[in-house]
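Per Swiss-Prot, these features apply:
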type     : residues                                       : note
BINDING  : Asp36, Asp85, Asn117, His220, His243           : Zn(2+) 2 binding site
CARBOHYD : Asn53                                          : N-linked glycosylation site
SITE     : His118                                         : site 'Transition state stabilizer'
SITE     : Asp121                                         : site 'Transition state stabilizer'
CARBOHYD : Asn311                                         : N-linked glycosylation site
CARBOHYD : Asn333                                         : N-linked glycosylation site
BINDING  : Arg354, Asn390, Arg395, Phe417, Phe500, Asp506 : IMP binding site
CARBOHYD : Asn403                                         : N-linked glycosylation site
Amino acid sequence: MCPRAARAPATLLLALGAVLWPAAGAWELTILHTNDVHSRLEQTSEDSSKCVNASRCMGGVARLFTKVQQIRRAEPNVLLLDAGDQYQGTIWFTVYKGAEVAHFMNALRYDAMALGNHEFDNGVEGLIEPLLKEAKFPILSANIKAKGPLASQISGLYLPYKVLPVGDEVVGIVGYTSKETPFLSNPGTNLVFEDEITALQPEVDKLKTLNVNKIIALGHSGFEMDKLIAQKVRGVDVVVGGHSNTFLYTGNPPSKEVPAGKYPFIVTSDDGRKVPVVQAYAFGKYLGYLKIEFDERGNVISSHGNPILLNSSIPEDPSIKADINKWRIKLDNYSTQELGKTIVYLDGSSQSCRFRECNMGNLICDAMINNNLRHTDEMFWNHVSMCILNGGGIRSPIDERNNGTITWENLAAVLPFGGTFDLVQLKGSTLKKAFEHSVHRYGQSTGEFLQVGGIHVVYDLSRKPGDRVVKLDVLCTKCRVPSYDPLKMDEVYKVILPNFLANGGDGFQMIKDELLRHDSGDQDINVVSTYISKMKVIYPAVEGRIKFSTGSHCHGSFSLIFLSLWAVIFVLYQ
């Protein structure tokens, strides 16, 4: 008998045992997590728009509750966490303004939540009254500091960290929120958003002095910051994040989302530890499921799991569903009022509108310009021809397969913020800066990527940030036949844009600082609904308003091919 063969089964059993059975003295924790749910209380279509075919719909709090309860019954040590941005995104938030978030998160018995930037969309009062005072779970952020009269008003309503008993152990949860929130939302002047890493370290140190040796950083700053926290903050064992809608998955993904990496994503900290980092995409489509094994000293021994797709194979809990239906009565007028029809898919997904021209962006910009038609001078066909719109302001697609019907509820999911479309005057040089800002960190799914109307722009992403706009043409107004001319740096142009951008949102500080005139306009949803009602049937296309130069597209692929070729040559000649 071959000795090597005899040893193989024993070796295999030992390896399997290491995976399937915890090490002696080890303690297991199951972390269930959501992020960026954005008011998707009801089940949605696969693209997170309004549910059309119930047999193919996903998510929703009733289905989430079913899965959470199944796991709680099967496993002993379970935490349910949310990494922020429950607020904003559908007619639910428009009507209930956050009360629905507190009610249904309480019903699901969340253990903790981190504050996201959108929790401040209705100001601090819109956070305090409906959510902070009503939540039966701790709401966390270590890097938000209140000052002035607000400090006493909000004291104790949110915390930097919380120690939670889980089985016979304790787990520390420390929260964080994007320091860019003042540029993304409306927190006011009495909240200071500190650097996440600088603010987190002393709070983690406090937890260590309390003999808490299992610490989760729960927050809303995006995947890049999540990874930095895992690397830089000493004592953090796990990072549960949000904000960037990052989809991580190990193996073949169950739906159309493309993984940005394996789940969990492992970061090696500066002190040599392996720190798992997770997110669960967005819109309640998935429930993050992470198993962590700790040793007696609180060190992570192993971590594994995957997001669970909440598809129709998971039944909706009847009691939660009944509660949803009861709350929904108040929304019915919004869902039955037909504005018009679309005969094409209106792509308002973040995967499109934050990366390239999307036809939803074209529709909205066309509506904005149409709303400003003023033929007052024979020299001008119109007083304004240009629109810019941050892709992050487009929050949902609309499916044409529901008879193409567009309702107020559909539009409220696309434009949930209740802003206005304003008219400003800018120099060409300011517009050029704005378009450079649009792609200065392209590829990170950030909201500043601009959708346009009356503008043709070409980017070269192989060039350094700040020098990526290679062509920028604008539609003339002083002309009888509109055509595109190169942007002139010293000329003053009229542009229609969201008031969010006029006020410097999404980092467009150059617009706020350099605008020459600012006139407030009509509410965004009214502008688009009026346009759709006027047109009756719409079919916006992708028209080449935004292009990327050949070098931009080929740059990364060419480098990869070049390196691969050299690798082959190296191997052949060894």
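One is the number of the first residue shown, and numbering goes on along the chain from there.
Glycine residues also receive a Cβ, built from the backbone N, Cα and C atoms like all the rest.
Shown here: features listed in Swiss-Prot, placed on the structure.
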residue: Asp36; record: Zn(2+) 2 binding site; DSSP class: coil
residue: Asp85; record: Zn(2+) 2 binding site; DSSP class: coil
residue: Asp121; record: site 'Transition state stabilizer'; DSSP class: coil
residue: His220; record: Zn(2+) 2 binding site; DSSP class: strand
residue: Arg354; record: IMP binding site; DSSP class: coil
residue: Asn390; record: IMP binding site; DSSP class: strand
residue: Asn403; record: N-linked glycosylation site; DSSP class: coil
residue: Phe417; record: IMP binding site; DSSP class: coil
residue: Phe500; record: IMP binding site; DSSP class: helix
residue: Asp506; record: IMP binding site; DSSP class: helix
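The residues near the Zn(2+) 2 site, meaning same-chain residues not in Asp36, Asp85, Asn117, His220, His243 whose C-beta sits within 8 angstroms of the mean position of the site's C-beta atoms, are Asn35, Ala83, Gly84, Gly116, His118, Ser178, Gly242, in sequence order.
Across the residues annotated as binding IMP (Arg354, Asn390, Arg395, Phe417, Phe500, Asp506), the widest Cα-Cα separation comes to 17 Å.
Ranking the binding-site residues Asp36, Asp85, Asp506 by other CB atoms within 10 A of the CB puts Asp506 at the bottom.
Listed in sequence order, the residues of the same chain lying 6 or more apart from Arg354 (IMP binding site) and placing their CB within less than 8 Å of its CB are Gly391, Gly392, Ser445, Thr446, Gly447, Phe449. In this structure, the CA atom of Asp85 (Zn(2+) 2 binding site) is 5 Å away from the CA atom of His118 (site 'Transition state stabilizer'). Of all the binding-site residues given, namely Asp36, Asn390, Arg395, Phe500, Asp506, those whose Cα is no farther than the 10 Å limit from the Cα of His118 (site 'Transition state stabilizer') are Asp36. Comparing CA positions across the recorded positions Asp36, Asn117, His243, Asn311, the one lying closest to Phe500 (IMP binding site) turns out to be Asn117. Excluding Arg354, Asn390, Arg395, Phe417, Phe500, Asp506, which define the IMP site, the same chain contributes Leu389, Gly391, Gly392, Gly393, Ile394, Gly447, Pro498, Gly505 within 8 Å (Cβ to the Cβ centroid), listed in sequence order.
Restricting the recorded positions Asp36, Asp121, Asn311, Asn333, Asn403 to those with a CA within 10 Å of the CA of Phe417 (IMP binding site) leaves Asp121, listed by sequence position. Sequence-distant contacts (6 or more apart, same chain, Cβ under 8 Å) of Asn117 (Zn(2+) 2 binding site) comprise Gly84, Asp85, Thr177, Ser178, Glu180, Thr181, Leu184, Ser185, His220, His243. Non-local neighbourhood of Asn390 (IMP binding site): Gly447, Glu448, Phe449, Leu450, Gln451, Pro498, Phe500, Leu501, Gly505, Asp506, Phe508, each in the same chain, at least six residues away, with C-beta under 8 Å from its C-beta.
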